[in-house]
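Copied over from TrEMBL:
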- 1-24: signal peptide (SIGNAL)
- 227-250: transmembrane segment (TRANSMEM)
- 292-320: transmembrane segment (TRANSMEM)
- 326-350: transmembrane segment (TRANSMEM)
- 362-387: transmembrane segment (TRANSMEM)
- 393-415: transmembrane segment (TRANSMEM)
- 453-472: transmembrane segment (TRANSMEM)
- 484-510: transmembrane segment (TRANSMEM)
- 522-542: transmembrane segment (TRANSMEM)
- 554-582: transmembrane segment (TRANSMEM)
Amino acid sequence: MEKKMMAWLAVAVLVLCSAIEVRSDASDHRYKNGEPVPLYANKVGPFHNPSETYRYFDLPFCSPGRVKEKKEALGEVLNGDRLVSAPYQLDFLVEKDSEIVCKKRLTKKEVAQFRTAVTKDYYFQMYYDDLPIWGFLGKVDKEGKADPSEYKYYLFKHIHFDILYNKDRVIEITVRTDPNALVDLTEDKEVNVDFMHTVKWKETNIPFEKRMEKYSQSSSLPHHLEIHWFSIINSCVTVLLLTGFLATILMRVLKNDFVKYAHDEESADDQEETGWKYIHGDVFRYPKHNSLFAAALGSGTQLFTLAIFIFILALVGVFYPYNRGALFTALVVIYALTSGIAGYTAASFYCQLEGTNWVRNLLLTGSLFCGPLLLTFCFLNTVAIAYSATAALPFGTIVVIVLIWTLVTSPLLVLGGIAGKNSKAEFQAPCRTTKYPREIPPLPWYRGTLPQMAMAGFLPFSAIYIELYYIFASVWGHRIYTIYSILFIVFIILLIVTAFITVALTYFQLAAEDHEWWWRSFLCGGSTGLFIYGYCLYYYYARSDMSGFMQTSFFFGYMACICYGFFLMLGTVGFRAALFFVRHIYRSIKCE
């Protein structure tokens, strides 16, 4: 049953991959001389607040008459894209020189709107034949003026479009604003504006297939690549030293333990046992709150599977720069399709722990990650609606997501749960569990849960923190991240370090005769998620210029959900590694 489910999931992901690629090929248009090329205005917003974006015509630009909205895919809407027909007409190979788009008299209110936008460093984004273009709305003249009340505010009214073409295809487009064509917005008075544009065409030899490479070059520059590879080598050295150090110590200590326990068995059967062998009757005692534990394992396994499939799609080139919404579409669809894995893992493990109320366990599994995510989304979507931002999802999109959750996620979760319950797998414990638990001896403070979590999370975090900056600058900024191979290596390093540090701490815990290792191993494995959230605080205040209630709430709200997902995923990895280790060492000794 599990193999069939995995095979079906793989087929579904391949269908998704092909669907995304088909959509990406939709921009392969060939044009004739004078034929209209689609130009869509997307959004405007403060440059330093990537989540706070508004519709293009929320500002009083020239309107092309009846504004036509472009039909968008689910991922594009989730990304905050709201494409509408732009006021400019850029026909293929048709040049224009300072052509007036429209003449407009701005009212005092409209002047104040533009001045506020210029003050907040607003930018605009458009798409020309699916190629992204950006530009700033205006500038603030602060030169030689110490008092902010003396600043001058200007709006750019003349846009230059420089377009490269190869035969009958559009290859590249750049936009620049004329610094001399300005409209003074400093005073609250009506002004007349002639919005103009210039279009220049130039032939190039760049093939159509390479036209997106321009947008990925920033992350592939020698300087950035050098830093990336230095961080990878640094992380690999850390991992090798750490794993080698831990493996050497653990192997020597375990070897001594095995020799000692074997000698004790031969010399005196009634000799008092010490160390981790002493608690062999308690080490496989099922944890408290076993339903919650199984649900956490189910959710963590699902998120781990989701991460693997996302990496597969990234490595095969699906998420090329500005394939709008492809990542969000993949996240939603793959998460829905992998819910069966969560149901199967949770129900199977819950039944192994002799749980009886598997229906409640399934409900807990389905809501453990989705519940906090839903509450966060409801709050942030309300904030976006209050700001009239494009981050507010339309009602139709919300209905689509609810239908996906109702018709795909929930049924697969239930089917997976039924398959897990019927698998009738038994928990493989090499030692019998005694009827009554032993008392745990008093332990020093540094062997408590929180200090152990701090030690367990620091090392994996130190192996990935350099790469985190580039990821944050891409997700919460305007940089493009395209080196997914490096990111995948970092991910593998993260998993290895998490597994090893959890195993080491589990051994030290058992050697101290503390048999409650189940939850501890999960919490220690997942503690890296807490360190990543701590990095969010540092990044927000020290490395970014984000500001305002909406951007702050979006950043910390959604990063809390992402870090919680990391906590569940890495906690599952840590527990699985610890379980494998504990089974191995107790299988290697004679337990009566």
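Even glycines carry a Cβ here, placed using N, Cα and C.
Please treat TrEMBL annotations as automatic predictions, because they have not gone through curation.
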Selected stretch (most C-beta pairs under 8 A with the transmembrane segment (484-510)) from 292-320, 326-350, 453-472: 453-472
Contact check, the transmembrane segment (227-250) vs the transmembrane segment (453-472), 3+ Cβ pairs under 8 Å, seq sep 6+: yes
Touch test for the transmembrane segment (326-350) and the transmembrane segment (522-542), at least 3 Cβ pairs under 8 Å: no
Residues of the parent chain within Cβ reach of the transmembrane segment (393-415), under 8 Å, 6 or more residues beyond its termini: 5, 74, 77-78, 332-333, 335-337, 339-340, 342-343, 362, 365-366, 370, 381
Tertiary contacts of the transmembrane segment (522-542), as residues 6+ beyond its ends and Cβ separation under 8 Å: 293, 296-297, 300, 449, 452-458, 460-461, 465, 468-469, 472, 476, 494, 498-499, 501-502, 505-506, 552, 555-556, 559-560, 562-575, 577-578
